[in-house]
């Protein structure tokens, strides 16, 4: 369903993820120069929240699980999900911007619950999605991130998971209880920096194993289509490779899941399409760059052995996958590197944990305009999930996340398929303005919904009126 939706959006946008990839990079560079007002969140901060949530355990443990269960071929299907998912990510982020609403704090709120309610006229289904995503990001995903941190620290230092759980709660509480703006400020610099550091480690491992890189890619391609049973995962065959690649790809880059639009909507930007481009690039960075780096580390280090892994059985193999990436880096760079990897995984998972809070808070705001008690309830639930995840088994938290993720994705995909024409219209408006700008006929590109000939109707709300721009 996700791949088919991604293909549909790719065709309807004429492959915007390929046509505008260079522009997406430029949009990130320009994102700090936003139209910020006091209390607002910049496009770059919204991107950083998205990166913080995307680039986490899915890129390290998730890739290891995908390879363990589906073989190296699972990585190919992660690429497919990402490439078509870039179009899906663009559509849902643009819709989030189109249907966002103003918030008393000076920022904005939006996401699937909002565009389902306003775009489809169904407060009921908007509320259903809001409840589901609040559970997913307020509990299930928080538990997954905490579990990764606890298992990694136990593997490196022998610290009991319950101790790690307590420390995580103490570290998270001050930031979470200060709200969404504090999370944005904290993740703005930390998430991109850690992604860069991890990329550097991957480059070093690749340089040390240059001659073996072609064989790693061969294993990925042959495994993807079941051409070599030596590259089969624990579950075996092409179907297992595709299934695990799609599942882990979705968990990692979140395209179509309905999560990142909640961050995209909070940004202050001159045109909804700008944030669509920025969040689309986030899918590329997450999977094509970071997940591929992890996969190559695992396949080049010599630790991963399909035959040995298959003999372990499914449950034991999945548990062992939790430390496979760290062990692989240590095998390539030396024992000292496992401590650096522990720190990197901690920061990845910790920033994801904080980024997840943002999504949950946005949807609590949708369910009730009254702050205070509901926000404290959410923040308390997140801290409970952090501790519970730390002391739970890897199999439990990842299974819980998969089930919750599937339900959330189905609701969101159906919604954006029905509302896609609004995003297509916004893209045509941006392309027309960009053409005029390049020809010197227009000084600035900005979106006004009122009377816009490219939209299928009048856009509800007052965010994108000419008067709002002047303000």
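Heads up, the Cβ atoms here are built off N, Cα and C, so glycines get one too.
Worth saying up front: this structure is predicted, and the values here are computed from it rather than measured.
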Practice task
Could you tell me which of the ranges 144-160, 161-177, 212-228, 229-245 is annotated in TrEMBL as transmembrane segment?
Solution key: 161-177
Fill in the blank from the handout: Among 120-141, 161-177, 281-304, 376-398, the most Cβ pairs under 8 Å with the transmembrane segment (189-210) come from 281-304
Exercise for the section: Report, as numbers and ranges, which residues of the same chain sit near the transmembrane segment (376-398): CB under 8 Å and 6 or more residues beyond its ends. Expected result: 61, 65, 134, 138-140, 142-147, 149-151, 161-162, 164-166, 168-169, 172-173, 176-177, 315, 318-319, 321-322, 353, 356-357, 360-361, 364
Practice task
Please figure out which one of 120-141, 281-304, 336-355, 404-424 racks up the most CB pairs under 8 Å against the transmembrane segment (161-177).
Solution key: 336-355
Fill in the blank from the handout: Given the transmembrane segment (281-304), its same-chain partners at Cβ distance under 8 Å and 6+ residues beyond its ends are 17, 21, 24-25, 27-28, 47, 50-51, 54-55, 58-60, 62-64, 67-68, 72, 75, 78-79, 81-83, 85-86, 89, 195, 198-199, 201-203, 205-206, 209, 212-213, 216, 219-220, 249, 252-255, 260, 324-325, 327-329, 331-332
